[in-house]
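These features come from Swiss-Prot:
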- 1-24: region 'Disordered' (REGION)
- 15-24: compositional bias 'Basic and acidic residues' (COMPBIAS)
- 68-186: domain 'MTTase N-terminal' (DOMAIN)
- 77, 113, 147: [4Fe-4S] cluster 1 binding site (BINDING)
- 209-439: domain 'Radical SAM core' (DOMAIN)
- 223, 227, 230: [4Fe-4S] cluster 2 binding site (BINDING)
- 442-505: domain 'TRAM' (DOMAIN)
């Protein structure tokens with residue numbers, strides 16, 4: 001599976017007047033923004049993180065959204081999707097009404113992703129497109145938030161080339177959305193509030209969940225791994241874990257509300273709890289507590305092999321509502337490339353980890369992420385990635401061609417692998433990925449699987465669609481009233497990436513055993 005397949009599941013430059021001196025934008029960054037710095041970021045400490053449990057919207061903002069609508073377009077990962085749920089919750093507490101028609105919105109937010117240059121280009125293109133709506137409705141507020149906002153080069157570009165944008169804010173101050181909106185309504189200049197501070201943990205933020213079947217729950221924020229290709233440690237800040245009692249309470253509330261599946265989110269969930277100074281409590285402890293809650297399925301993303309410990313494996317082996325699917329990004333099968341990437345593990349370490357997981361959970365499905373064409377990658381090193389994929393027997397993968405991200409150490413490396421070589425390697429890798437995915441799904445032909453029905457198929461309204469515990473897509477015909485329920489389906493046909501089945505029955509509601 002390539003990036004295009006992954007994303008499928010989900011510029012107007014203003015002329016400058018020559019007779020005026022160029023505006024000095026540095027003032028925007030003196031207090032609220034610091035450019036990404038690997039050296040400075042690695043020095044960041046723990047003492048600045050504070051926990052706030054008393055979030056509420058001040059009375060001064062009451063009625064702000066009366067007779068006004070909002071629209072949020074989200075780019076990128078599940079973390080961004082969850083941030084959108086929070087912002088939608090804040091909007092609705094302010095009295096705004098959501099709309100799906102962007103040109104009719106009174107406030108438009110682009111919640112951005114900085115992981116790849118292609119994602120950023122889409123945002124700039126959308127900003128140019130929004131200008132025509134702004135001209136028709138000068139009262140429309142346009143805002144840019146999310147990871148791109150944490151990059152100084154991006155904010156500078158918006159300030160210079162997209163003056164119709166009204167507000168820019170970062171990932172650390174979503175809770176200040178009411179203040180930012182108020183200032184945008186009152187100000188004649190673009191409101192820029194991007195904190196270089198690494199962020200606190202804000203509890204009790206309102207949320208407008210995007211669905212009623214599956215829910216995302218943040219367990220931590222940020223990342224301290226500093227892989228040389230990745231911008232996330234700069235845009236999301238240092239690792240900071242939510243307190244376990246807050247997470248457990250949220251999951252209990254979701255279970256009581258009828259949710260069937262919880263996805264625990266973090267840039268590196270396996271580092272959960274490492275920053276606690278008063279308790280010894282890691283991801284394995286959290287999963288052990290959550291498995292006792294009466295909710296059918298719990299899964300997590302994203303894992304880092306370096307922090308995947310034996311206790312977590314031991315807990316996952318207890319199964320119950322802990323699913324048998326682990327997404328474990330390896331990125332490369334070459335020790336030399338892993339070292340350049342600063343992944344801090346070796347091929348041998350990764351294979352030993354996989355061996356432990358498979359020994360404890362024989363039915364486990366493993367999926368991964370892989371980058372090809374990294375600086376200095378040789379044909380032999382790429383072949384090592386192919387051999388590792390076969391040795392592990394991954395059942396699916398998100399595959400990418402390397403592209404440099406400004407502000408990362410890798411961007412300073414010579415990108416010396418020709419583009420045609422990168423594309424050829426990606427094609428060869430995807431052939432292997434497709435082969436192993438097809439074989440894995442073919443083994444299910446004739447088997448009965450448990451499916452959480454999420455709705456109708458994207459292609460046919462008379463076909464239902466859902467996912468197995470191992471996150472495999474299943475399409476089948478059945479009664480619409482089973483949407484939102486767990487059902488048993490017999491597999492009758494397979495493709496490289498999905499299954500077709502025959503509806504059998506609804507799964508009986510069984511209490512989760514402790």
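Cβ atoms are placed via backbone N, Cα and C, with glycine included.
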Among the binding-site residues listed here, 77, 113, 223, whose Cβ has the fewest other Cβ atoms inside 10 Å?
77
Measure from the Cβ of residue 227 ([4Fe-4S] cluster 2 binding site) and count the other Cβ atoms within 10 Å, all protein chains considered.
22
May I ask for the distance between residue 223 ([4Fe-4S] cluster 2 binding site) and residue 147 ([4Fe-4S] cluster 1 binding site), taken between their Cα atoms and rounded to an integer number of Å?
13
Determine which residues of this chain, when 77, 113, 147 are set aside, have a Cβ within 8 Å of the centroid of the [4Fe-4S] cluster 1 site's Cβ atoms, and list them as they appear in the sequence.
75, 76, 79, 80, 112, 114, 115, 119, 146, 232, 235
PLDDT averaged over the residues of the domain 'TRAM' (442-505)
96
Just to be sure I understand the packing, how many Cβ atoms besides its own are within 10 Å of the Cβ of residue 230 ([4Fe-4S] cluster 2 binding site)?
21
Quick one: what's DSSP say for residue 147 ([4Fe-4S] cluster 1 binding site), helix, strand or coil?
helix
Looking only at C-alpha atoms, tell me how far residue 227 ([4Fe-4S] cluster 2 binding site) is from residue 147 ([4Fe-4S] cluster 1 binding site), rounded to the nearest Å.
17
If the [4Fe-4S] cluster 2 site is taken as the center of the Cβ atoms of 223, 227, 230, which further residues of that chain fall within 8 Å of it by their Cβ?
225, 226, 229, 231, 232, 233, 267, 268
Compute the C-alpha separation of residue 230 ([4Fe-4S] cluster 2 binding site) from residue 147 ([4Fe-4S] cluster 1 binding site), stating it in Å without decimals.
12
Please report the number of other Cβ atoms within 10 Å of the Cβ of residue 147 ([4Fe-4S] cluster 1 binding site).
27
